[in-house]
Amino acid sequence: MDQYVVFGNPIGHSKSPLIHRLFADQTGQQLEYSTLLAPLDDFSMCAQGFFKQGLGANVTVPFKEEAYRLVDSLTPRAQRAGAVNTLSKLADGTLQGDNTDGAGLVRDLTVNAGVQLAGKRILLLGAGGAVRGVLEPLLAHNPASLVIANRTVEKAEQLAREFADLGPVAASGFSWLQEPVDLIINATSASLAGELPPISASLIEPGKTVCYDMMYGKEPTPFCRWASEHKAAKVLDGLGMLAEQAAEAFFIWRGVRPDTAPVLDELRRQLARG
Ligand code: ATR
């Protein structure tokens, strides 16, 4: 049977095996997908071992940058992202790295949530790997502006410089921003600590601004709660992005695009059960 895995550390709670099993059932594809706990100091050996037999893999925290350095070739979007979340063994036996995170976010926003990006004012919170991975696909939709706001402003400035050739990107500190925007995407890891980036509620125009948290959980994240309290038009969490980045990886490996809607329903049910 064709073998796929997701590498991570920790990896026990990964939803990827469930998602890919549901995709495989739905599309009638014969494959096995499991988790692989890679040692923190030996991802590369672990990946090389797996690919003696395996056909493809997803890569999650903390190995996305290491996977970027490991591969024989990169897709242009992975090159820009500086990180790899999808590995494929090509026909000639070499390893290709791709990054489907940005495409997953954009598809969840535009297709699943019906949010238009062209001509819109977008605010991205954070300047880490998660932001780097989504800048190119967001800018490809021609927003009116894209501001990267971060606690450490220099990191936002660095990213803005690096992506300036792709569109109207600017950097900011959190407290400098007051004017309402059309879309706020939280890509900080603040939610993990139960925290919220210190941004003004005036950024939300009630009934108009869409708020998206790349994180998700059984309960709404602090950012989602804040967005609801201030009457955002839509409040979305990152479960849709998770399903969509997986669907994009499945498409790369199998040439078939699964329908994410029933899979997302199942993920939501399981999350609610805890
Ligand atoms: P990832 O790959 O998930 O983006 P990362 O590269 O460690 O992870 O980046 C984490 C991001 O969350 C950074 O933008 C970080 O801000 P700094 O660059 O100033 O460190 C941001 N972050 C983490 N905790 C935060 C908090 N409590 N409030 C605001 N921003 C936070």
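Backbone N, Cα and C atoms are what each Cβ position is placed from, and that goes for glycine too.
Please treat TrEMBL annotations as automatic predictions, because they have not gone through curation.
Keep in mind the model is a prediction, meaning the values are calculated, not measured.
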Further shikimate ligand in TrEMBL, beside S14, K15, S16, T60, N85, D101, Y216, within candidate set Q30, Q116, Q245: Q245
Additional site residue, G102, G238, G240 [criterion: listed by TrEMBL with G126, A127, G128, G129, A130, N150, R151, T152, V153, E154, K155, M214 for NADP(+)]: G238
Tertiary contacts of the domain 'SDH C-terminal' (238-268) (same chain, 6+ residues out, Cβ under 8 Å): 4, 15-16, 18-20, 22-23, 26-27, 29, 31, 55-56, 58, 85-86, 88, 98, 100-101, 103-105, 107-108, 112-113, 212-216
T60 (shikimate binding site) to A130 (NADP(+) binding site) - Cα separation in whole Å: 11
Those binding-site residues in D101, G126, A130, R151, V153, K155 whose CB falls under 6 A of ligand 1, listed in sequence order: G126, A130, R151, K155
Tertiary neighbours of G238 (NADP(+) binding site) (same chain, Cβ under 8 Å, six or more apart): Y212, D213, M214, M215, Y216
CB within-chain contacts under 8 A for S16 (shikimate binding site), separation at least 6: V6, Y33, T35, N58, T60, A246
Structural state census, the domain 'SDH C-terminal' (238-268) (DSSP three-state): 25 helix, 0 strand, 6 coil
